[in-house]
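Database features, via Swiss-Prot:
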type	residues	note
BINDING	His76, Gly117, His118, Ser119, Gly149, Ala150, Asn177, Tyr294, Glu381	thiamine diphosphate binding site
BINDING	Asp148, Asn177	Mg(2+) binding site
Amino acid sequence: MNPSPLLDLIDSPQDLRRLDKKQLPRLAGELRAFLLESVGQTGGHFASNLGAVELTIALHYVYDTPEDKLVWDVGHQSYPHKILTGRKNQMHTMRQYGGLAGFPKRCESEYDAFGVGHSSTSIGAALGMAATDKLLGGDRRSVAIIGDGAMTAGQAFEALNCAGDMDVDLLVVLNDNEMSISPNVGALPKYLASNVVRDMHGLLSTVKAQTGKVLDKIPGAMEFAQKVEHKIKTLAEEAEHAKQSLSLFENFGFRYTGPVDGHNVENLVDVLKDLRSRKGPQLLHVITKKGNGYKLAENDPVKYHAVANLPKEGGAQMPSEKEPKPAAKPTYTQVFGKWLCDRAAADSRLVAITPAMREGSGLVEFEQRFPDRYFDVGIAEQHAVTFAGGLACEGMKPVVAIYSTFLQRAYDQLVHDIALQNLPVLFAVDRAGIVGADGPTHAGLYDLSFLRCVPNMIVAAPSDENECRLLLSTCYQADAPAAVRYPRGTGTGAPVSDGMETVEIGKGIIRREGEKTAFIAFGSMVAPALAVAEKLNATVADMRFVKPIDEELIVRLARSHDRIVTLEENAEQGGAGGAVLEVLAKHGICKPVLLLGVADTVTEHGDPKKLLDDLGLSAEAVERRVREWLPDRDAAN
C-alpha cells in the first residue's frame, strides 16, 4: 500500500476538517492512490470514482455531515465518500458477500443519507430532506450530487421544477463529465457542451496546423503559443458554459454558479463555503474528468467504468468486467446481441432501443452495423417504452433492450402505452434474477410478478442459450407485446442454432420423466431442477412461458403425480408459482405444492452462487428443501 500520511489520519469528516485547506490537494492524491490500490484488488466502479475525489473532499470539508445531508445520485462515485466516512479499512470487502455495498446504503452508515443504485433520484430525495428541515425549523443543508448523464432522466427535471418553486435551502451539484456509463446522448448534453467551444477548438486546431512548422523554428514560440491556446480554450469554455447553463437553470428558479473546475479542491472549498451561506435553491456546475489521474481510464472511461482488477505496477492492461476473458460458453447478453443483428439483417423493420445501456445490453455490434435503426434515448426508461410504442404504431418492430430492474421504472408506460393498445413491442429483459455484486438495487426479482398481470403480454423465460434464441424469435414474430427475460452471465453450454426457428407460444416441454414428484421450472431454475431430479427420480417440466402458461401440461402433471414443486428465480409473491396455483384452483385440483422462489425479503450483494444458496435456490438447497418437505422423507418414493 502506498504511504498516505494524511489519509491515515482520517476516520471521519471531522478529522478531515482539521486539515489546513492547503493540505487538501495532497490528500486528494493520497485518496486517488488508495482507490487505485483498493479497487485494483476488489474490482468495482472505477472511472467515476477517480473523477469525484476532489469534489467529495470539498463537500465533506465544508458541509457538517452527517447533520448536513449529501445525496449521491446512482452511487457509482461514492467510494471516496465511503473512505472519508469511516469505512476506509473495509474497502477490501467492497461488493463482496457480507462486505461494503457498492452503493450508498442507509443501514451501512449514518453518512449515507439516502439509498441509491438507480439514476436521477438524488434531487427529489434531497428536496424532501430540505423541506423537512424547513418544516421543523432546522438549519441543516441538503445537497444532491448528480451527473450530467443522470440529468437526461425526466425525474431529475420533475424535481428541479418542484424545487425551484419552493423556498428551501437546497444545493444541486451538477457533476459534468460528459458521460453516464457510455457517452451521453440527447439535447441536454449538447446544451452543456457549447457549439462555440467546439468551434473555438476547431479554429485553434486549424491555426496550429498552419503555423506549427513556423513556430517550431522560433525559440520559445511554441511554448508561448500553447499557453495562449490553453487560456483561450479556458475562457471560451467558461463564458459559454456560464451563458447557456445560467439561462437553463435560472429559469427553473435556481441561482446558478459555474462552471467550476472539479479537480481544483481549494477553489471548490471556497465556492462551496459561499454556497452554504446562501438561502434558497442553488446549482453548482462542476466540470470533472471521468477516470482522472489514471491515463487508461481517462482515455477509455467506458471500458474503465467498472473493472475486475488492476495490473501490478508496470502492467500492460487492466481487464474489465465488460470485456471478460473469452469463455467457452456465451453469455445470454451475447446470444441476444447476435440474434438481434441476425434478425435485423433479415428484417428492415427491426429497430433497437436502449436507455443508455449499449455495452451492458449487448448492442455495440448492432449500433455499428445498423446505426440508423439504433436509438439510445439516454437514462429515460419511460420515454424509451413510449417511443417504442410510437414506432410500433407506424409498422416498425421495436426491440427494447433493458435490464429487469430498470424496466420497473417504466411500468405505467408498459401498461398504458404498449399493452392496452396491444402493440407488438419486444422487451429483451436482461439481468433477470440474482445479479451478484451490485446487490438489491439491481436484482431482477420482480419482473415475472409485474408482467404476468398485464393484459396482452407474452412473458417467456428461457432455460438455456439456444432456448433464449428460440423464444426471442418466437416473441418477435408474435403480433403482441412480449418480454423475454434472461439472467446475467453465461449459459449452460447448450449449442445455439443460427436459425430463426420458433416454438408454440404458451407451451412447455418435459425435460425429464420421473415419478411421484413433478418439478415445474421456469427459466434459469430448469438446470438446478434437472440436477435434483436425477437424485429424486422426479419429472421436470421446462415451462418456457409464464404467460400464457401451459395449463394443459400443468393439469396433466398434477393428475399423474403425487406432488408438485415450482421453481423460479423471482419473488414468490405474484410469480410463476402463483400462476401454477391459479391453474390448479381453476381446474379443481388439490395437490401438495411447494413454491420455491425468492421469499419476501431484500436480497444482499455478493457472489451469486452464495446468494442463491442463502435464498434456497441453489441445486443443493433445492434438494434439501424438497427432501424436508416430502411427507415420508423417502425422496420421490
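A Cβ is built for glycine as well, from the same backbone N, Cα and C atoms used for every other residue.
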Minimum Cα separation from Asp148 (Mg(2+) binding site), reported as the residue among binding-site residues His76, His118, Asn177, Glu381 that achieves it: Asn177
Residues His76, Gly117, His118, Ser119, Gly149, Ala150, Asn177, Tyr294, Glu381 [recorded thiamine diphosphate binders]: greatest CA to CA distance in Å: 32
Lowest local Cβ density among His76, Asn177, which the record lists as binding-site residues, within 10 Å: Asn177
Most crowded position, judged by CB atoms within 10 A, among Asp148, Glu381 as binding-site residues: Glu381
Neighbour-count leader, CB within 10 A, binding-site residues: His118, Gly149: Gly149
